[in-house]
């Protein structure tokens, strides 16, 4: 037997070792299979899985606060929200300029809406404040203009901030302001700016230079207007007044240096930003408003998920929502209970039908199968509208009952726009999904087991319960999970026949997506729903196997 | 008197038949009496008179005739006469049907025909259970089919009602019209939505069928890494609740649409169609994958090997050998994908714009807002389409089973 050991590895026809040759063949086969799958997989991943992932990500994403009020959030980071004191002046100042830019780009109402989910009233506070932010600017324009009317001219501002033609330019300021407007407006602001602030002025009048640069960027690149001919934002006057109070302009000799010296000499009072805001609305003087902003200033939040389970994120931590706002947990429970009822009634109705289909001779069973397959193939909307027609108060069922004298014409049964309507219509719609798996399982059950049980002395009931029923459990399980998965995410039927009492969580998600525009909450609700469905899907895969799903 | 059934003799008993008929009618009269009778004596009168009349009628029929046929004719004539005297032609029709059914039932019970075809050793309780069970099944089948059957005649309603008018019930031709079909035909909105559905569904189907069939062939190879995970991803559009898919795609396709309109400079309308078609194609994919992989399970791999052996290249093998054999599965998968797209509302509601309004969308708004009976005409058309699709799929399934030698026919 020694010669076998001597021959070395077994060789394939082309001389390579058989092992390697086989491995290569396997690799080729795998690659070919993957190449066939790849286009579809890429399509589904890109246009289905990824969008859903991105959508669900909205449930924790909360960058809107930081994007809209970047400097305010920075100032608030050092403020102790638990203290009984309002945030420092610098926070109010940051808020003024942040809010002004946000108002110009019409972004402040979005933030107001976002924060309103957490604390009612903020939405109107933001809207009103946005409207009144111009007023202090106009006051300062008047006050400064009284000293020298030059300052109210658009051209003066351009020359002032541009500085001397040979002065050093401050590119970082332009870049940072471009960044600020881009995040605020949620899109890249592109293009070259014809203007750039001089480094001297940026050092001398930091606030005014900053606000004017933002204004110039917006005017030229978003609005497409000429900066030299456009009136600057009112905020630049407030910024200038604030700068003048602590600037030393005596050494400056760029354009309009004399005007600046005149203005300093006039000693216009520096703006009191806290007073500006508390004048606009006394709510700005309330700790609660600031705590809300601070609590929700993190770029990621658990707030939406807390909202989804009827809680809310407060400065003191997670708390239960007020009684009258607690509807979502109830809705989740209702969705679950109604899905269970639908699943149960489907199982109850499907069992005898599946049995009779599996036990009749093939010819008769095929004819009866039409009764199952026709509803299965009929448009969902046709079936839903049929149920609407049948269940209405002036509908077919009520008419028949009145005609038979079972129901008085005056008090016809209310069977639609409530839970009853949803359950009946959805049981009908999902019944084929229960019958078909049960049928395919029952078909495989050998009838001689039942006969054997009976011939051994079992009663009909015992034979059924101890011998037949256990063999049908896989079918029941498969059908039940399928019906439950489908019913828990249903939208159309509850929307049409469910009224207000018979709607599901899906309808609430749709409401938040299309009507209330609270996308974060919709995403949180959707995530919870999806997790439930995926767990059930996993169970279905374990019990039945996805490969074994049969259609028709 | 005795009656021969198959090869056994069953005694015929008049009291048994009469008491059964009496009990049945008494039960019906009981329900009717409870709801209509004003006092107890009237109630008793209803029940008593009802069952008495029925027993008398049954007795007369049984003593006059030996077989069911002549009794059915007489009873039908009687029913027609009563119907005519009470109402119109519709009443007469109901009378005839009622008469025939009643006489058939009486003789069925009396001649013990219900034992025909059942094992002779069954006890009466088992026979009762047998028929009771069938009655339950019949009720469930009726539950399944009634909503669809109710819609069909209602769509011919001459009035704008969602219920049967007295004219319709009396089969008066005045009560019927094609009005709602004309509405459907003449309304621009319905026509446009119908056209949109006919544009979107076939293109979406073609995308899902071509990509889905390729992937199914790949998946059914013997060594596929991550097979389960890939399968789960490809099936997921069927499992994820539609509202979640719809919102996800809403955000995704609004960005894609902006890109196509802004950067590529495509026509807005065209972009709208592309968005809806792609969204629907994804939804149809699981159905194609499932049906085609199921067909491939029965596919005999030695056929492709034989083809390769004879010198055919993979492409020729695919088109000449594999494709014709799996074609039934591919087509029925395609039909599933088609009906998914043709019947889809939620995603098109979110992804599409008004110019891509499809038939289901139009129906959905119709059902939610200004409910018009045109919907019933559309529903009838859709039912006919689904009957056609169902027949096709059923024929294909049988052909496929025959090809695989699973079915004796």
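Using N, Cα and C of the backbone, Cβ positions are placed for all residues, glycine too.
Any TrEMBL annotation is an automated prediction that lacks curation.
Among the ranges A:365-382, A:383-400, A:401-418, A:455-472, the one that TrEMBL lists as transmembrane segment is A:365-382. When the ranges A:288-309, A:420-441 are checked against TrEMBL, the one recorded as transmembrane segment is A:420-441. Using a Cβ-Cβ cut-off under 8 Å and counting only residues 6 or more beyond its ends in the same chain, the transmembrane segment (A:473-492) has close neighbours at 335-336, 338-340, 342-343, 346-347, 350-351, 354, 380-381, 384, 426, 430, 433-442, 504-507, 510, 529, 532-533, 536-537, 539-540, 543-544. Of the two recorded stretches, the transmembrane segment (A:420-441) lies close to the transmembrane segment (A:331-358), with three or more CB pairs under 8 Å once pairs fewer than 6 apart in sequence are set aside.
Long-range contacts of the transmembrane segment (A:331-358) within its own chain (CB-CB distance under 8 A, at least 6 residues past either end) are made by residues 365, 368-369, 372, 419, 422-423, 426-427, 430-431, 433-435, 438-439, 442-443, 445, 472, 475-476, 479-480, 483-484, 487-488, 502-505, 508, 528. Outside the transmembrane segment (A:33-57) by six or more residues, the chain places 523, 526-527, 530 with a CB less than 8 A from a CB of the stretch. Proximity of distant same-chain residues to the transmembrane segment (A:365-382), defined by a Cβ-Cβ separation under 8 Å and at least 6 residues beyond the stretch ends, is recorded for 353, 356-358, 428-429, 431-433, 435-436, 492-493, 552.
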